[in-house]
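Here is the structure we will look at, set down as structure tokens.
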């Protein structure tokens, strides 16, 4: 097998006396889609926050492309090649759709230049337009982001993450709050992205995960209780007990 | 998803109305033209020069408040530092006016960097309170160091009567000439601010204003971005302070007080935070109100305060911002 793109070792995170995450060890190979599931409060979001640098782990280490990145400040992650979306839509509401993506593209080129004319950096426009086309938002290019429909805002957030051409894409519930139609569009988008990207996603909608992911990790009370193919996870008695059993609606 | 949309002309700000786009492209020359005409449109020269100086202070403040989204309550410190250092450099060290101005701007900028360094880690109301506390510290320092600053009596004795520009002597005791000399500096500052707003950094500060979390996830160091914006804002404020010192030839202690900081916030909001020329409109509106209302009552602050509250409640974009929005139509969708 190829060397892992991302490897977490014995990662844990506590908040005061509360252990949100404990002893998680896993390695992720390139060009795979891995889903992270678990009941509410299982530590999925904490795990994601640790992986995207929002907070350092209390214990353990994270290696990206063989390099130890534990404790790296969050704003460096985009430069390393790790981009994320948030569970609650996180865009620049008053900027246009195009500006949202363009400013994300600009981060990798220049951050403190107070002198040049940014309109002259046309390659950023092309990059932004390509990312918008990839998520199907080219037609809303000049709309103000806050006026987009919910599903379009989610797609925009993925374009914002995508424009940096990240090697690892972390998606926190990309279909949260979406209706069936919007979910279908998003699944189509994720399937297209999955062809040549490494994606980790947190999701609640079981049907969608089973079709989309190569591998599923199950968290419960901050611990990794199962790790395997969708078929394996579906038949795992422990997983059925803590997760699938109590959520018949999702399964 | 159509191919034609990706070949639209590149425009960083993507203005949604041709009128507004044209105004944005010509904002520096148009602003300078307006400032050139100002002394002839207003009832008094003194009012015009005050609009120029306080407007410039508000322009610097707007960079931080309107564009970066940080509500500082301490900008009097940088304005005052610029004025005091210029006055002291001329009066006590006999520096030429231009060198004194440079020193004032540099000192004000350094002070802003320091205050920014100490305040930027805090957020929201805490940020405002830390900047307020630090500017009060500067106020009391100036009050105590009376051998330098003149204490409560203010700084006097540094009158500049003529200035030499490449061998050309200009008598700046003449109010009209003085106005235009000061205006050259304000114009240069406007050009600089416009350039910053059009730069890549201009996009970053707007991103930070819109959503800090997202900006950080995009790869921007939010704290450093804020610190740079704070410092630039302080530099413009200090420049306004040096112009104030040259204009009045006195620096009253009052200039460092909390009232000055509050006034700048009001001017910026009245005119329109986040609009390029709004701060000048706000300064004009504020000073006109002060002039007119104080003719019939000494409690002019009550009226100005009421108007301010009405603006915050019903016209949050301010005079200029609302006018621009009306010009652009209700569009945006």
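Yeah, the Cβs are placed from backbone N, Cα and C, and that goes for glycine too.
All TrEMBL annotations are machine predictions without curation.
Sequence-distant contacts of the transmembrane segment (B:23-41) (same chain, at least 6 residues past either end, Cβ-Cβ under 8 Å): 13, 15, 48-49, 51-52, 176, 179-180, 183, 186-187, 190-191, 194, 276-277, 280, 324, 327. The transmembrane segment feature in TrEMBL is assigned to B:23-41 (among others).
The transmembrane segment annotation in TrEMBL covers B:47-64 (among others).
Among the features that TrEMBL reports, transmembrane segment is placed at B:71-91 (among others).
Summarising the annotation, TrEMBL assigns transmembrane segment to B:97-118 (among others). Sequence-remote contacts of a segment are chain residues at least 6 beyond its ends whose Cβ falls under 8 Å from one of its Cβ atoms, and for the transmembrane segment (B:97-118) they are 74, 77-79, 81-87, 89-90, 130-131, 134-135, 138, 160, 163, 185, 226-227, 230-231, 233-235, 237-239, 241-242, 245-246.
Remote same-chain partners of the transmembrane segment (B:125-143), defined as residues 6 or more beyond its termini with a Cβ less than 8 Å from a stretch Cβ, comprise 70-77, 80-81, 84, 111, 115, 118-119, 149, 151-152, 253, 256-258, 261. Among the features that TrEMBL reports, transmembrane segment is placed at B:125-143 (among others).
For the transmembrane segment (B:180-197), the list of distant contacts is 27-28, 31-32, 35-36, 49, 52-53, 55-56, 59-60, 63, 67, 101, 163, 170, 172, 232, 236, 239-240, 242-243, 246-247, 276: same-chain residues at least six beyond its ends, Cβ to Cβ under 8 Å. Summarising the annotation, TrEMBL assigns transmembrane segment to B:180-197 (among others).
Annotation source TrEMBL lists transmembrane segment at B:230-251 (among others). Taking Cβ pairs closer than 8 Å, the transmembrane segment (B:230-251) reaches residues 49, 52-54, 56-57, 59-61, 63-64, 68, 70, 72, 75, 78-87, 97, 100-101, 104-105, 107-109, 111-113, 115-116, 119-120, 149-150, 154-156, 158-160, 172, 178, 181-182, 185-186, 189, 192-193, 196 in its own chain, all 6 or more past its ends.
Annotation comment: TrEMBL describes B:263-288 (among others) as transmembrane segment.
Beyond the ends of the transmembrane segment (B:300-327), by six or more residues, the same chain brings 17, 19-20, 23, 266, 268-275, 277-278, 281-282, 285-286, 289-290, 293-294 to within a C-beta distance below 8 angstroms of the stretch. The feature transmembrane segment is assigned by TrEMBL to B:300-327 (among others).
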